[in-house]
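Before any comments, here is the structure.
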Amino acid sequence: MIEFEIVFSTSSLTSLYQNIENKQTINVKMKIMKKTFSLFLAISAITFSSFAQPNQNDESFKWFKKATEVINYQLNQATKTYLPGKNPRSINPDGTVKLAGLTDWTTGFFPGSLWYGYELTGNKKLAQEAKKFTLALDSIRNIKTTHDLGFMLFCSYGNAYRITNDAIYLPALRDGAANLAARFNPKIGVIRSWDWLHYPVIIDNMMNLEYLYWSANEFNKPEYVHIANTHALTTMKNHFRKDYSSYHLVDYNPETGKVLRKMTHQGVTDDSAWARGQAWGLYGYTMCYANTKNPKFLQQAEHIASFIMNHPRMPKDKVPVWDFDVHNAMDTAERAPRDASAAAVIASALLDLSTQVKDGKKYVDYAEDILQSLSSDAYLAKPDENSYFLLKHSVGAFLYNSEIDTPLDYADYYYLEALKRYADIKKIDSSITIR
């Protein structure tokens, strides 16, 4: 079979259709016109079909096919290795796997990864395992001491319900959302992150607002929208600098709402741009705009995106070091490991942002570069390696000598989410890559 491509401009096609519909005379012989029109219809069908869905064997998507095959294998092996309720979080320095218990803020990411793995590959076995690992987290619905309930429940139960529409997942989602909303202080205008310091709020908290927006609609709780909006606006006011980088933590006076201190818990200094923190902010405001259409949120998201994408210390492969300012404070290469988790969150956020603006190509292109880097041998594990985690080279908390240059469950989760969003935008049927 010979493959070929003929391209018509859309204006030419429109004009030809109009000429035919208006029965205007086309100055050619009738026989030639009939043959030409028949050929035109055949080519049109081929051309428009190709617009609807790209060629799955296109060389440009080879990296995507390779990634989904690795994902399918690694996730399947992981479900045979780990037990529900004791989810893989990272790898310790001695090579043993660090597990996430039921109260660990990352415990929802592995079940969520299985759900995304199922969506990407079409492997029903992953969906069956995802259900087991999700339902094992039911007791989290009773936790009232953390803001991380979005990570813990919405990434697991939320994806489960989105994909299956099974009401079995709703009670835990309902209770968890109520406990998250209860941590909101209307006097200060934010949801409390931790129960120490005075009234600490970290930029990570923006990620949990999606849980409230969704719950407001699902459980008829309009007050949740007010809480999420107010938190986002207050955070915009107090967390961000003039260049749209953000502080990691703002501590408030619980009585007056006055800002007591702007600081870091994970960045290299209080005034630095901790890479994953910038990613959380980008993702959070993009999501807030998607749920509210408040132009303030879109403007904030685009400003943060510009800060990240145009940062002079962003490496060529677009996988940032753990803090954008680390070279200012620690001028040694060994103290600047990359953070694949930050890159994965950035990629997912940019792909979402691309669907919220008129011309999102620059965001898709940048995210595609990140995903190709993460899907390369430099970051993507080979089958049977990495204790069945997908990505290598993430940083959890450098200053605490914790989870440095190692896999992380949330790096895998947002990598999978980004791949799913990329597949949706590019109209790639990734399930055909699994044999």
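Keep in mind that glycine also has a Cβ here, set from the backbone N, Cα and C atoms.
What TrEMBL records for this protein:
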ACT_SITE  Asp148  active site, nucleophile
ACT_SITE  Asp204  active site, proton donor
BINDING   Asp148, Asp204, Thr264, Arg276, Trp280  substrate binding site
Neighbourhood of Asp204 (active site, proton donor), C-beta criterion under 8 angstroms, separation at least six:
Asp148, Ser193, Gly277, Trp280
Intrachain C-beta neighbours of Thr264 (substrate binding site), sequence separation six or more, cut-off 8 angstroms:
Tyr247, His248, Leu249, Asp270, Ser272, Trp274
Relative to the Cβ position of Arg276 (substrate binding site), how many further Cβ atoms are located within 10 Å?
28
